[in-house]
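> Quick one: structure below, then a few questions.
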Amino acid sequence: MKVTFEQLKAAFNRVLISRGVDSETADACAEMFARTTESGVYSHGVNRFPRFIQQLENGDIIPDAQPKRITSLGAIEQWDAQRSIGNLTAKKMMDRAIELAADHGIGLVALRNANHWMRGGSYGWQAAEKGYIGICWTNSIAVMPPWGAKECRIGTNPLIVAIPSTPITMVDMSMSMFSYGMLEVNRLAGRQLPVDGGFDDEGNLTKEPGVIEKNRRILPMGYWKGSGMSLVLDMIATLLSDGASVAEVTEDNSDEYGISQIFIAIEVDKLIDGPTRDAKLQRIMDYVTSAERADENQAIRLPGHEFTTLLAENRRNGITVDDSVWAKIQAL
């Protein structure tokens, strides 16, 4: 089905206010959920909203909490999210990293005791729109087996890198082949995954999203490489924030909350002039996209460039929402 941005935001706002969230916070949170969905990231927008409300009702998310600065070391700051609303706090932390970068050339904010930030790419994009390189990542509850194991002991720990090119170039990737959100999107659409995304119950690689969602044997990105990246991203976030690791979140908490996150902004213009920056970035993009195609009907894509098109299409034609997901939200 199709809905407008206004309908989507109003639905989110209604549910948030009905759960006791104050009107200003509810409006800002609903806006971010709706913007994420409008951008085409359904898995971490509208599809994720019922799960967000469940955690709000369970007390994992404290809606009136505000992040608190703990330590300041020039370009590096350490903050405590105090289990505040994840997407609103993440936006504030990237804003703070940008402020630090404006003063020092680079800014790093390490955040502990945080909640799920929903679409991580929003915060990289936020920096790139202002001309900064944006880098951020988060740890999570253990939802992926390390390479060679059956049990979930590492997080998908998504990493975002956004570059202020025209259009913005951005990688937004979990350390698994697919996020659990994308498994859900494909399952709801009745699609197999385009490549193997995990193991079935017999230990064979599979493209069936529903099987992987159920048994939790999701495949690390690049096999052992994604497994290793997940581990070191967790270690860095834990140390810099003095926060909880994947092991602590999984073993000590009843659900995924109290996680650790990193936000980095780099002011490119302190290192290179604007015209030179733009020319260098354009040459890189042209060089890549001019390569001979393996399939003449399939263009060579650059990461993040599709979001401008998706946003325009959704504004023109309405936002696609799965019927079952919309029914869940209406019932909240």
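Note that Cβ sites are derived from N, Cα and C of the backbone, with glycine treated the same way.
Pulled these from Swiss-Prot:
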ACT_SITE  HIS44  active site, proton donor
BINDING   ILE168, THR169, MET170, VAL171, ASP172, MET173, SER174, TRP224, LYS225, GLY304, HIS305, GLU306  NAD(+) binding site
> In Å, rounded, how far does the Cα of LYS225 (NAD(+) binding site) sit from the Cα of HIS44 (active site, proton donor)?
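So the Cα of HIS44 (active site, proton donor) lies 25 Å away from that of LYS225 (NAD(+) binding site).
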> Per DSSP, ASP172 (NAD(+) binding site) is which: helix, strand or coil?
strand
> Please name which of the binding-site residues listed here, MET170, SER174, HIS305, is nearest in space to the residue listed as 'active site, proton donor', Cα against Cα.
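For the residue listed as 'active site, proton donor', the spatially nearest of the binding-site residues is SER174.
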> Ranked by the number of other Cβ atoms within 10 Å of their own Cβ, which of the binding-site residues ILE168, MET170 ranks first?
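Comparing the binding-site residues ILE168, MET170, the most crowded Cβ belongs to MET170.
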> Please report the three-state DSSP label of HIS305 (NAD(+) binding site).
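In the DSSP reduction, HIS305 (NAD(+) binding site) maps to coil.
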> Among the recorded positions HIS44, LYS225, HIS305, which residue has the largest number of other Cβ atoms within 10 Å of its own Cβ?
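Sorting the candidates by Cβ neighbours within 10 Å, the top entry is HIS44.
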> Check each residue in the chain of SER174 (NAD(+) binding site) that is at least six apart in sequence and keep those whose C-beta is under 8 Å from its C-beta; list them in sequence order.
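Non-local contacts for SER174 (NAD(+) binding site): THR156, ASN157, PRO158, LEU159, MET221.
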> The record names ILE168, THR169, MET170, VAL171, ASP172, MET173, SER174, TRP224, LYS225, GLY304, HIS305, GLU306 as the residues that bind NAD(+); what is their largest Cα to Cα distance in Å?
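Largest Cα to Cα distance for the NAD(+)-binding set is 30 Å.
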